[in-house]
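Q: Handing you a structure now.
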Amino acid sequence: MKSLTLKEALTQLRKGSLTAQEVCHNCLQKLKYTRNLNIYVTEVQQDSILNAAESSAQAYRQGSAKLLQGIPIAFKDNFCTKGISTTCGSKMLLNYKPPYNATMVSKCMSEGAIIMGKTNLDEFGMGSGSLDSCIGPVINPWNLVVSNQTSVPDSVSSELNGEQGLSPREQCKVEDTDWYICGGSSGGSAAAVAAGTCLGSFGSDTGGSTRNPASYCGVVGLKPTYGLLSRHGLIPLVNSMDVPGILARTVEDCTIILNAAAGHDVSDSTTVTESYVPFTVREDIDLSKLHIGIPKEFHAPGMSEEVLSLWKETADCLEREGAKVSQVSLPHAQQCIICYHVLCCCEVASNFSRYDGIEFGLRCGSEESTEELYAESRHKGFNDVVRGRILAGNYFLLKRNYEKYFLKAQRVRRLISNDFKNAFSSGIDLLLTPTTLTEAPLVSWFTKADNRTRCEEQDIFTTPANMAGVPALSLPLKLSSNGLPLSLQLIGPHFSESMMLSVGHWLEDRAAFPHLNLHLLESDTGELTSRSLWTL
Amino acid sequence: MFNISIISRILRSRVSYFVQSASLSKVPGKPTWEPIDHNKLPQVPEIDLQLIEQLERISLVELNNEEGVRRLQAAVKSASLLHLINTDGVEPLDSVLEDRELWLREDKVTEGNCLKEILSNASRVEEDYFVAPPGNIPLKKRDKDHLSKVLNKQSQSKGLG
């Protein structure tokens, strides 16, 4: 069965031409056959998924179906799920089963969504490749179709071969092969949607962690306005910037999920209290009333020719179709990533003091003193990247450095935020920029530099929106000459989701991006066989 | 079967959807980033043994190898680029919601009776308590020989400088 969009699935479910069981079965099938991509940290048991599908089918029969009834979705493994382990991709939380649901989880469940599992990520969301998880990297699903130069490693997921009896045609180790990364840190959530294992997913976006993998995996990634979606139960990285992110195949799918998830939450005082008005994307936007800004600082060194030309083509197309397109300046965009880095480390140093091994999490080491136990548990529980950010953060927060680094970075943050205010108050409706410098990089290239260096390159176009708290949308528009997704980003003023998504929908409609459809791998009998997967 | 030829067909069909217009694009043709004048940057302070011990004590994690020290140096060096920006008279920005009143709930108990759930994630409990080893005992001094290469090199270069 073809991979449906969330909207198509809902339409067919309501009509009765498709059952919730069929939708779930289709996703489960794709989930099983892409297990070697290491997309999920924890899969929900098949029985409970099928039971939930049965209840959803009943809801449709009785006419009591809710907004997301019967729709399979996935959550990044930093959203707390009651009774389902929530690891953040860290040894620290491998044994952690939250006693409560994050608000995003409970809202989706109460709207009838079916949770497929918890998706893989860089440890605690710190990274831009989804390579730094304690259970191993996520492999970009586009590797399955793009090239014969890359091959999918099988050793990242050990259960696969035994349980499903699949045997990849070559036994290869990760280090022996080269493959395209899926970006991060919500790489699992982006890959889960791209591979068709769910119809929508949640990531988190602190500095681009939803938009970056959306860009590399060819799905739509929405970072909503800070304060629109509840962070309750989203394990914090940087409280002043974290937002839940939404990933789906299309802009309309993102909108449907947003409508189900947005709004004030009594458990998160940083959600705004205005009541949220659900909307649908407008089909009839009048481009002549639209003023698009092209921030010139977003042409950064290292941008690929293909990304640049997509950016130009799209800006020119909007202009040709009647929109006003102007070059604008966000003068502090170049320094944004440095500012982000300092603020991130400082908040991490503070936030991560909760992990001491006593109330929850890894406890190991000497029981001679509290300090020894804390130090050893934290040392063994965190990877190098997390430890490095804690140490750097505590350096910036030392009394003698506090003004020089932390307050300085907060001052620069205001300048960045003012850049956006100035652009939007000058009459600009939306900014159009690339999401990333290039298509998905190869793992061999990506691992040549350390995590910090890569984040400083990878997140340059995405961190500004987090600094200012404004909404942003990454849209896949075209395939590169290597057959990989190329994406652009729209950034709007606070709470402009409705307009931003409508323009995104217009662009998406124009571009007709060829989504990854693993159903094409199915054999004539409609079964996705291991053979068809491995003989591309 | 789905293969490269299908992909290239898809590609060909999509290439022309945004036809290049002859007009001058608003997208800059060349990168616009200003080159950084490294001479204007303040000297990155030296990271010595005393500082490492202080950071490890307050962070309760160790810089376990020379790579860790180098990474910290790189992070500090990179952060020093902030000093190129003039922030005179600019107030720090804590939260993007600074001009709003945040919602506070009434100070009333809304949840409770969850002792079992709260204790369920602890590795060690006794009756209804979390168990922690004795407190107020300073961390033992860690051997720093494994960092000697980085630290010695620094003091050497300091001596030369």
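Yeah, the Cβs are placed from backbone N, Cα and C, and that goes for glycine too.
TrEMBL annotations: computationally assigned, not manually curated.
Sequence annotations record features per position, and here TrEMBL assigns domain 'Amidase' to A:27-144, A:180-501. TrEMBL lists A:K76, A:S185 with the feature active site, charge relay system. Among the features that TrEMBL reports, active site, acyl-ester intermediate is placed at A:S209.
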Q: Just to verify a number: CA distance, A:S185 (active site, charge relay system) to A:S209 (active site, acyl-ester intermediate), in angstrom, no decimals.
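A: With the alpha carbons as reference points, the distance is 5 Å.
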Q: Write out the long-range same-chain contacts of A:K76 (active site, charge relay system), meaning residues 6 or more apart in sequence whose Cβ is under 8 Å from its Cβ.
A: A:K118, A:T119, A:L121, A:G125, A:S186, A:G188, A:S189, A:S201, A:F202, A:G203, A:S204
Q: Using DSSP and three states only, what is A:K76 (active site, charge relay system)?
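A: Assignment for A:K76 (active site, charge relay system) reads strand.
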Q: Around the C-beta of A:S209 (active site, acyl-ester intermediate), how many further C-beta atoms are within 10 angstroms, looking at every protein chain?
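A: If we count other Cβ atoms within 10 Å of A:S209 (active site, acyl-ester intermediate), we arrive at 37.
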Q: DSSP-wise, what's the residue breakdown of the domain 'Amidase' (A:27-144) into helix, strand and coil?
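A: DSSP composition of the domain 'Amidase' (A:27-144): 43 helix, 19 strand, 56 coil.
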